[in-house]
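Participant: Okay, these came from Swiss-Prot:
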ACT_SITE  S189  active site
ACT_SITE  D406  active site
ACT_SITE  H470  active site
COMPBIAS  519-532  compositional bias 'Acidic residues'
COMPBIAS  632-642  compositional bias 'Acidic residues'
REGION    515-539  region 'Disordered'
REGION    609-642  region 'Disordered'
SIGNAL    1-19  signal peptide
TRANSMEM  545-565  transmembrane segment
Amino acid sequence: MSLWLFFVQTVLLIQCALGGLPNAKDYLVAPDLLPGLNDVKDKELIPEMHAGHIPLDDGDDDDDDDEKNYFFWKFHDLANQTSVVASKTLIIWLNGGPGCSSLDGALMESGALRIDDDGEAYLNPGSWHTRGDIVFVDQPAGTGFSTVGDSKYDKDLNQVSKHFMKFLKNYFKIFPDDLDKDLVLAGESYAGQYIPFFANEILKFNSKLDKDDNEEESRSGKKYNLKSLLIGNGWIDPDQQSLSYIPFALENNLISTKADYFPDLLNMHSRCQNLVNNNGGKKFSFDECEDILTKILYYTRRKTDENGNKVPSNQECTNIYDFRLFDSYPACGSNWPDDLPSVSKFLGKPGVMDSLHLDVDKVPHWRECDSKVSSHLKNKNTQPSIHLLPNLLKHMQIFLFNGDKDIICNSRGVQDLIKNMKWNNHTGFTNDAEYYDWQYYDQFTDDTISAGFVKHESNLTYVSVYNASHMVPYDNALISRGIMDIYLKDVELVVGKDNQDDVIISKDFVVHSDHSTGEEELSADQKQDEDENSHKDRHRNSDKFEIAVILLVVFSITGTIAYYFLRERFRKQIHAILIDPENRPPSSNKSVAWADDIENQGDDFKLSIDEAPSTADKPAKNKSGYTKVPNTDDDSFELDNL
């Protein structure tokens, strides 16, 4: 450990011990201490980073949070790659589990860094930090690098929410400028529970400030500017989503109605349906329902391939996070993603934890998921987050995006929970819902890729992402970043003609690669600026040149004003999803608790994702048309519904 890092960590410990919080500069990460970043040729592309522990202790002697610390890692763009609206946006990213580290997101998904096979960091060209500052948080306590000490683990989502609010309060004390930014809560999987619960607490916090103007707040009484929730492949409605497993597996030819095991699966589905119908929303989830997926994996275990050849042991089980892949049994995806060993290698390298301001004597080595967190979080007296969504939709935009190759939180289940949810005086998407094909334009290859489709109504947006797994940004970060572009309205709209669907096109207004030489081709404007600067240096004292520059500026400003006036005058009418809502006219360990005791064994292999987009996830032209999950009045399971 360097003397500087030792000094910084000592300062952090002293400040925490005295009840104070460190300053933002105390959390600064030196990029040259992270293996691999010294090899980045264009150093300006390396984001500003802050990382470390933020204590949850708020001076309340009645709680036991003294030893709870949440680890965070923040990325801020320094290369002017963000738009104006993105520069005013703060994204907080949460991974799921429960108990799985958000460093999955930081180092394998939407974060600024990716890790190679040697455990060296390189820049992620599809990082979301170019669409807003992004903060990855390990929570609840005990997850990833976050510590629980001798305190108790959280038992339900209400406790988790209370602790997140403590983290948020102290975070904004350390980074007060972020209070003025638009807050976006984003994440995936079990974060489909976390995010709505946290949003609900933020609404209550803001409401309390409205009611009690005289209350003295250490944060000057400012509200949190929560604007949107982005939930990817979320576990939101355990009942409805468990009932999607058999229909989804049939739609994707993962099981067959002609198989000997199919009657047993039908019986399990029927038992689950009966429990759900008689639940009344009182129980968080049923083991009998979640066991359906476990049984599907058991029955579809492969011993031989279609040619009768013995299957390698690491290819026996379908990967529940990406059904194009296989894994050993009973891991069935727990060894995935392929980058996971590299991330562990990176975080275990000398100096990395020091650079992240972590005391190696007090913080254990990094584990992706912690079973103690998931085993304690039972939610015995808690309803799932689906019950919170209707009210949240009155106050903010909610985006539910889904990779279409995921099984455990599959697109069928998410579409069905939308279909059965009542909000804004209607149930599910109506015939008035907006529908768009979503395309991604690759400026390097000049190709347009079919990325998915988008459906929107009354503050709710559903985004299907083609050829993507449970971890959408892992498969294609550039395309996944288009979800943020849709939220930020940084997309192009092509209005369909002759009964064709409208098309949303996302593309990168700036895309950089750390593998570049630092001599990338300049845009026309950049070349002009460079030429002008050079010209000024050579003729600094020339009166004629100064006059020419003044005239050039005048003509440039005039031309720019004229361009924007004409563009606004003749541009196509943008649909509601792309209009500011305020101006809109009225109209499991790693898995989701399915196998906590699953063994981690074997290596999975990866198939190519460059295939034709799936059509199973795409609704019919009738905008209200979704396939049905069996849910009959007589509590029975009808095969015809499949």
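Glycine is no exception: its Cβ is also placed from the backbone N, Cα and C atoms.
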Participant: How would DSSP class H470 (active site) in three states?
Facilitator: coil
Participant: Taking the Cβ of D406 (active site) as centre, how many other Cβ atoms lie within 10 Å?
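Facilitator: The Cβ of D406 (active site) has 28 Cβ neighbours within 10 Å.
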Participant: Sort out the sequence-distant neighbours of H470 (active site) for me: same chain, 6+ apart, CB within less than 8 Å of its CB, listed by position.
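Facilitator: Once residues fewer than 6 apart are set aside, H470 (active site) is near E188, S189, N233, I320, Y321, D322, G403, D406, I408, C409.
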